[in-house]
Amino acid sequence: TQKMAELLGLRDECGEGASGAPALTGSCLAAKRLNLDVYPDGCRQFLQLFEGRREEVVQVEFLRLSCNDRLLGTTLGILPHLKHLKSLALKGGHARDEFGSCQHGSLTSLPPDVGNLRCLTHLDLSFNSLSTLPGCILHLPSLRVLLVSHNSLVALPEDFGSLSKLTFFSAMKNQLKALPQSIGELAVLQDLDLSENALEFLPEEVGNLCSCTELDLSGNRLSSIPDSLANLKSLRRLHLHSNLLVTVPASLASLPNLSRLDLQNNCLRAVPPEIQTSPFVHLRGNPLGETEPSPQADESSARGLRRLFLASGQDSFTVTSEGCKVVLACGIHFYFPPGAASDPLRIYFRTLAPDPQWVKLRHHDVLLSRVLELQPHGVKFQQEVQIWMPYASPQTLHQREVVVRTFSGQSWSDLRTRVEQKRKSKKHVAHCSVLHFSWFLVVSRLLQNECKVPTEGTLLFSSVDPNIKVTFPPGVTEETRSVKLQVLPVSAEEIKEITADAGCRASPLLCLSQDSLVDFLRPVRIQLPLPPGVTGLNLDRSRLHLLRGDLEGQTWDDITGQVVLEFTHLYAVFEVTHFSWYWLWYTTKTYIGGIAKKVYERLRMYQVNFIALQRKKDPEQVLLQCVPKHKVDPVLKKLQDRYRGPEPSDMVEMFEGEQFFAAFERGISIDMDRPDCVDGRLSFIFYSHLKNMKEIYVTSPVDRKDQSVKGQVSFYRGAVPESIPEDASRRRKGPDSLWLATLPIKLPQLKPRWGENPGPLNGFSFPPLNLGNAETGYLTQANLLSIARRVGADWQTIGLNLGLTYQQIERIGYNNREDLDKQILDMLFSWAQQNSEDPDCVNKLITAMKESGRQDIADEVETIIELGRQKYRDSIRRVGLEQESSTEDSAIAMM
């Protein structure tokens, strides 16, 4: 929104990061702009300004407000007074729920007098609750850019074509079922985005959009398109993927400027030769050439089922009553059987980085995948939908099992899961079936045995250790209840290493749980094997201790004197009426509860090493990774051709899901505005089977023209867990008590790459860039410069995949001949300026990098985009905290 406004001639003389009330109300008003959407009480501040400085406020030309603000209704009444307003953004999406999803704003209409804003050229109402387009919009004579994406619009007004000056219109992710015929009257419209709606047909008048260069109709329900689209002589990109097309006009191939025609994931069985042979046409995911149903891999699949292959930039698809098979770019598969959905249903998906605040792992669980979210939540399918999720195969599955875990919005539960291995890729996938969509992830847990306990009683064995059994006598319960049993084997070597006492021994650790809060009516009989090396013949009862732990393993109580222990040659038997953790120890130690707690926690910890490597061709690019000890050598071997660096750090111990930070020190710094940067340090979450890796660029405030910089990177815990053993915590005290390790980083003497004297861009001068939008994330000029430094001789391939023409590529190469750096800069910034008004340009950049084989650049951009918006808003709010607090204090004092 901001970038579009700048391109419409608006000045940007006030930074959004202004701090303190005077800066906010002074310099921003002087620049005739108010950016208040990043403040949680922006509407209140606007009302106060209007009340106290009305003459200045009515001169404002640029206004941004959040529609998640409770004072929005009062603020809307003032808008018609801003006669000079050129750009207005009333957007939702500034608040997020606990899972990171944007919350739509409360805006449902606009005051009729808003139609009197004759200077308004840019209007953004995205992420709101509009079900109809406010009629006053049609009376805005100067309107050129209109965004109403992420609303609930079901139709556009019949006289929508009266917006004669409109050049950009986005209504993506609404519920539009049809378009008015008057849409063909938008003679100067250049970009039209109607993706992810419910359009079933298009009016012939769409062919009258003579100025249209990009038309996005993807993710709808179109079964055909009108021949009149062949009249769009200015059209460069036509997106029709993920529809229900069975045919397309051959005349589309004759469009003179068309450089991309995306027909992926439709129902095309035959395509005109003119289109099929065109180099700019994408047809993947269509049943081309199929004259009979094709066999399916799964035995329950129907023959001839529609198959969809989604590219990395796509986030939704449509399921019909006919069913389909879907393959995501990340390797996740779905099977929707015929009849699973009675009506066409749009499915949205995304993968999320696991956040320990809501991804709660149980003790001894191991996370094996990212989080998959499927929407809409709560919709019940008529038949079970099958999901295959790839996962990082654990080193051993002995005494463990892999399950898919799902989140209901309140708690996590495990699904019945089948583990499979793909024949070609040899990758492991977890297969489950569901009737509802929510959040899913794959974990490895302790092998679990369970049974139903009726009033007649029953017997439950452990499949890990058959010597462990639980006997439920008749009359143990009035109502049938479910019981679960898990066993954690503990070797004598582990006990000896942790306790440093060869005389300490312990049985396997037994965990019992049930689905009832009521104790059993009769004692339940439990049999545990005696610790290794101990038998009924040599048993010294004074050394034997039965411990009971709470479900969190924080306390271990010696209950030897509270139960009746019976012994056989190999087993100990006792009775209980409620369930918990049970552990049999054999030792001469007196405070056995403290020793058991220490051993239990150490069994949950992983031995890891930190590595810090620098790319050989670009030492400013640093790779940081936390690697489990047994994986260090393979990881270093894989990276040694491209990176160099010091030996890994000393071994430290960490919990699954524990947070840690990396801080660059002694003359080395990073971009503090990075989305994963907290108080100047990079944030990580350790998961033993996921990549705990980040690759970043570092700089130095030291002048490196005459000398190198010898700095370091240090790793710190986020916080010392309460249950961590003292000897595993840390070796330093005071402010550095959270320190884990330090590794050296050296930046060599600087050799200017962009040329001498003319400037950092070697003579190039580009206006400030801010690509993207708030809901998809921004890329700044600094980000593009960083990308340019990583691009090499493959810049031409990247440029073509970005949509530049061969003529543009040739001209850039000729104008900057013999200077590769200038060629790269010219290509990248030329594309950026051409696409700066495109809200989806960042996703297109990511896709182009992947298509060009530059997954490394794509990954970095995706990381920035995934966290950037949230980090940006939080940082602005932190700056404004003091002023907000002082404003509130003043208001209280006035009261």
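Cβ atoms here come from the backbone N, Cα and C positions, even for glycine.
If you check TrEMBL, you get these features:
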- H436: active site (ACT_SITE)
- S438: active site (ACT_SITE)
- H578: active site (ACT_SITE)
- S580: active site (ACT_SITE)
- 313-446: domain 'ZU5' (DOMAIN)
- 447-588: domain 'ZU5' (DOMAIN)
- 780-865: domain 'Death' (DOMAIN)
Between the C-alpha atoms of H578 (active site) and S438 (active site), the distance in angstrom, to the nearest integer, is 33
Take the C-alpha atoms of H436 (active site) and S580 (active site) and report the distance between them in angstrom, rounded.
-> 32
Could you tally the C-beta atoms, other than its own, that fall within 10 angstroms of the C-beta of H578 (active site)?
-> 13
Rounded to a whole number of Å, the separation of the Cα atoms of S580 (active site) and S438 (active site) comes to 31
Going by C-beta under 8 A and a gap of 6 or more residues, the same-chain neighbours of S438 (active site) are E373, L374, H377, T406, F407, S408, G409
